[in-house]
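Colleague: So TrEMBL says this about it:
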- 21-41: transmembrane segment (TRANSMEM)
- Glu230: active site, proton donor (ACT_SITE)
- Asp363: active site (ACT_SITE)
- Cys426-Cys458: disulfide bond (DISULFID)
- Glu472: active site, proton donor (ACT_SITE)
- Glu497: active site (ACT_SITE)
- Thr583: Ca(2+) binding site (BINDING)
Amino acid sequence: MIVSASSFPHHRATLRLSEKFILLLILSAFITLCFGAFFFLPDNSKHKRFDFGLEDVLIPHIDSEKEARHSSRQVIHGVGDHDEHRHRYPPPSLFFLFLSNTHIDIHIEICMNTLQDEIQHPNISQRTTRSGAICCSLWGHNPLFTLWMCMMKHAWDSYRQYGWGHNELKPIAKKGHSTNIFGNSQMGATIVDALDTLYIMGLHDEFKDGQEWIKQNLDFSVNAEVSVFEVNIRFIGGLLAAYYLSGQEVFKVKAVQLAEKLLPAFNTPTGIPWAMVNLKSGVGRNWGWASAGSSILAEFGTLHMEFVHLTYLTGNPAYYQKVMHIRKLLAKMDRPNGLYPNYLNPRTGRWGQHHTSVGGLGDSFYEYLLKAWLMSDKTDTEARKTYDDAIEAIERHLIRKSNGGLTFIGEWKNGHLERKMGHLTCFAGGMFALGADGSPDDKAGHYLQLGAEIAHTCHESYDRTVLKLGPEAFKFDSGLEAVAVRQNEKYYILRPEVIETYWYMWRFTHDPKYRQWGWEAAQAIDKYCRVSGGFSGVKDVYSSNPTYDDVQQSFFLAETLKYLYLLFSSDELLPLENWVFNTEAHPLPVLHLGNITLPGSETQR
């Protein structure tokens, strides 16, 4: 007799979510039984331990009155007296000691379902669901954080296993990776870039590993030609942030050592720095493709935050004087239509090609004008006025509405507006919201609304793709809106700018749609960019079967995952009145200087 397959009971290849929950619950009980006694052992003060605050995630609360009494030492750090504003989390790394990848995947699935429920039903956090209870019991806090931390663990652990010490990771080839912005050296860019994210998430064992590598291996006396801009925002910014958060002196020492190596880049006829400098010889040069050897606005204009902090910490006026000289020089120059071109020749002091962009080549120049004002406790009114004037010109010449009602920021090229917007430009939604308070002519509401419109446009660029991930650039022309046209603009390389804007908009409006949009982006990244050896960019977001670029960018750990984590965190975690994020998402404290004058600032007046 022939028996059909349907005659047999159907055996499922996978377990239902409820069954996975029961298995994980049993596993948790076993862990508690076997290892629970460990946590009740008495503390022995005789045993010296490396204290990164395993009981606390030490996110400092800044006291402006105390800060005003200090001029050349750290503003705050994550060790010392008890602070009621610190957020208490147990170390999640203990959880991972006992779980295999399969168990972690089950845990992620449970928490992802819980997270979706919490977004759709905001009051669920007041109820405690069955799935939420196990997430909270294992992690010690709200399951909203669990996915980001699992993603961070996967990215970090993969780099730790396959690319340790290299600048970045090739997650498919499972080996180290680097680009020309870091020269030919292995400077551990991912380690430095990820430090503060690890610390903020409470991944202190990983943070300790990174600190030890930096202490033993990070050497700037190498014969390597590096990007001044990239090394400043990733390395100096990352080291300073790690120092302010943890109080570990090694980070400040390394930041100052590197900064000294960058100073020769300013040895030009105008004081506008070269784009690249050799860390050993001090010889600088510009990119060959940059408008007849010009320096780039977004590069020489994105040094202010870090260099002011270097002067503040060291008492050396050189850093402050270098960046203020750049500002004074730009203030004297004519600007076509009030716009800043992206290129400036460091030999002649003249503009290069008249190309203005709020995206690549221009973006963070405008960001740092605003953040210089914020970081000065809103005392640097010159920076604020320069920002306001620049944004007024950008509104007049670059910002338009599409036929479909989408607000976009185009690019100005030789008197013509190109109706194209880059993924990099999407940071501007957050910038407009951040700068709304303090806007001239009572325009705070206007700029908050403008930020919301840019956020909506950038969300549309994600939503109109197959993968629900945004392309590198998208057009508003010929009936197409928020869609990439060229093949070389359809890729997604784990960029953070859209999620960055969601976070700022959430902080200023608490509109739940920004968390919903962030959740959608996180799901897409985890689904389409996660590979066995980490996370990779994809080459075509409009393809249902995309190929990978096989690069896990250091900024994915520094920015993308940090902004996702902050998007679902309390506003008390790194409050914006006390912290300003550099363009690589490294938080630096506001300098409440009071009557104290930065060394070297007297000569700038």
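Here the Cβ of each residue, glycine as well, is placed from N, Cα and C on the backbone.
Unlike curated records, TrEMBL annotations are generated automatically.
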Colleague: Cα-Cα, whole number of Å: Glu472 (active site, proton donor) versus Asp363 (active site)?
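Modeller: Rounded to a whole number, the Cα-Cα distance is 15 Å.
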Colleague: I'd like to confirm something. Which of the recorded positions, Glu230, Asp363, Glu497, Thr583, has a Cα closest to the Cα of Cys426 (disulfide bond)?
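Modeller: It is Glu497, whose Cα lies nearest.
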Colleague: Filter the recorded positions Asp363, Cys458, Glu497 down to the ones within 10 angstroms of Glu230 (active site, proton donor), Cα to Cα, kept in sequence order.
Modeller: none
Colleague: Please report the number of other Cβ atoms within 10 Å of the Cβ of Glu472 (active site, proton donor).
Modeller: 20
Colleague: How many Å separate the Cα atoms of Glu497 (active site) and Cys458 (disulfide bond)?
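Modeller: One finds 9 Å between the Cα atoms of these residues.
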Colleague: For Cys458 (disulfide bond) and Thr583 (Ca(2+) binding site), determine the Cα separation and express it in whole Å.
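Modeller: Here the two Cα atoms lie 18 Å apart.
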Colleague: In whole Å, how far is the residue listed as 'Ca(2+) binding site' from Asp363 (active site) when you measure between their Cα atoms?
Modeller: 9
Colleague: Give the number of CB atoms, excluding that of the residue listed as 'Ca(2+) binding site' itself, located within 10 Å of its CB.
Modeller: 24
